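Peer 1: Dropping a structure here in structure tokens format, bear with me for questions.
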Amino acid sequence: MILKTFGWSFGVTAAGLALAAYFWGWEGFAVVAILSILEISLSFDNAVVNAGVLKKMNAFWQKIFLTIGILIAVFGMRLVFPVVIVAISASIGPVEAVQLALDEPDRYEQLVTDAHPSIAAFGGMFLLMIFLNFIFDDHEHKWIGWLERPLARLGKVDMLSVCIALIVLFVTAVTLATGAHQHGGAHVDKSATVLTAGILGLITYLMVAGLSGHFENKLEEEEEREHEEEEAAKRAGKDPTMVGLAGKAAFFMFLYLEVLDASFSFDGVIGAFAITNHIFWMALGLGIGAMYVRSLTVYLVRQGTLDDYVYLEHGAHYAIGALAALLLITIKYQISEVITGLLGVGLIAASFWSSVRRNRAIAAGGDDGGGGGGGDDGDDDAGDGGDDSEAKPEVPSGV
């Protein structure tokens, strides 16, 4: 199972590190390895959230995610994206931007750093919407019950997440963005830029999430037919869980995953400049990391880890919320990528441990056992007469 799922990742790692060592020696080898670890640590929460969406797709679209999806992730975000940023910021063509990266790496780094406020605003708002839509939804299982229960009741107010996101964006624009950090330690007013980029991030989320939800709702109308397919799969000796979204619905879910990956990649791409300004080292290191994120996502789906560890998705979404906040804060203040990576991994680790405790308590004949990060209400399975036991199956990330 491990080799089948991670085989391509192992192969790309070996090839990437070998290329780095061959062309640039041990220095290139070491930097590419560090960048790979950086990308994996920053994107582990991405894999957990991706798995929640990917498990709804059939085997064909899961394969598309691992093939075409990885090409988009590696070449689109880890290589082309920084070049596009520089091209727009410097008002030059993409080819000229690549030439700039090769001939004047310091200038290239400066342009990307100066574009960080708009990148952070776009990515921060996109990720914030994911977190808000998750936290305002009424989930069957609650990791931090004292917080999630009242927020779920508030979530019944229409468009609440959009209103909160816009308030956060406005406050960010009139506070942090007035002294946005630039290359060399300078601070300039980027309020208009941050507002524009943040609204674009919000619109992007609403468009992609809305399309995904629309086509998934259409599939729900065919619930009876899907049930028959599951029964047929059981009779054929196949895993009925592999009967998932297909067609247009799966396409837009795939599109959502790619945009989600792009937003998660912002901090990795920008953080990479703290380690090196060598464009090819960045592409190799971040590309290797992206492969592992893809493989880990599929592994979580096929192992059913999200079903066994019910709080894992909660931890991932809290990590998303933390990352969104950090991205907005970095408009003005510099924050170490180590802090970003450790915070995300720490939240997921805490939710995993809470899930383990819950499973042990259930196996021992007790209740849910409570979550480590504030505790579950202990009523997920037994029920408390409320709505939790009847909560409708949610689409991860509020889609």
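Cβ atoms here come from the backbone N, Cα and C positions, even for glycine.
TrEMBL does not curate its annotations; it predicts them automatically.
Keep in mind it's a predicted model, so treat the numbers as computed, not measured.
This is the feature table in TrEMBL:
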TRANSMEM  30-53  transmembrane segment
TRANSMEM  65-95  transmembrane segment
TRANSMEM  115-136  transmembrane segment
TRANSMEM  157-180  transmembrane segment
TRANSMEM  192-211  transmembrane segment
TRANSMEM  242-259  transmembrane segment
TRANSMEM  279-301  transmembrane segment
TRANSMEM  310-329  transmembrane segment
TRANSMEM  335-353  transmembrane segment
REGION    364-399  region 'Disordered'
COMPBIAS  366-375  compositional bias 'Gly residues'
COMPBIAS  376-388  compositional bias 'Acidic residues'
Peer 1: Quick one: find which recorded stretch in 65-95, 115-136, 157-180, 279-301, 335-353 has the most Cβ pairs under 8 Å with the transmembrane segment (192-211).
Peer 2: 115-136
Peer 1: Residues of the same chain, at least six outside the transmembrane segment (65-95), with any C-beta under 8 angstroms of its C-beta?
Peer 2: 8, 54, 57, 101, 108, 111-112, 114-115, 119, 254, 257-258, 261-262, 265, 268-269, 279, 282-283, 286-287, 290-291, 293-295, 297-298
Peer 1: So which residues does the transmembrane segment (115-136) touch in its own chain, when a touch means Cβ under 8 Å and the partner is 6 or more beyond its ends?
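Peer 2: Contacts of the transmembrane segment (115-136) (Cβ under 8 Å, skipping residues fewer than 6 from its ends): 49, 85-86, 88-89, 148, 151-152, 154-155, 160-162, 164-165, 168-169, 172, 177, 180-181, 190, 193-202, 204-206, 209, 259-260, 263-264, 266-267, 270, 317-318, 320-321, 323-325, 327-328, 330-331, 396-399.
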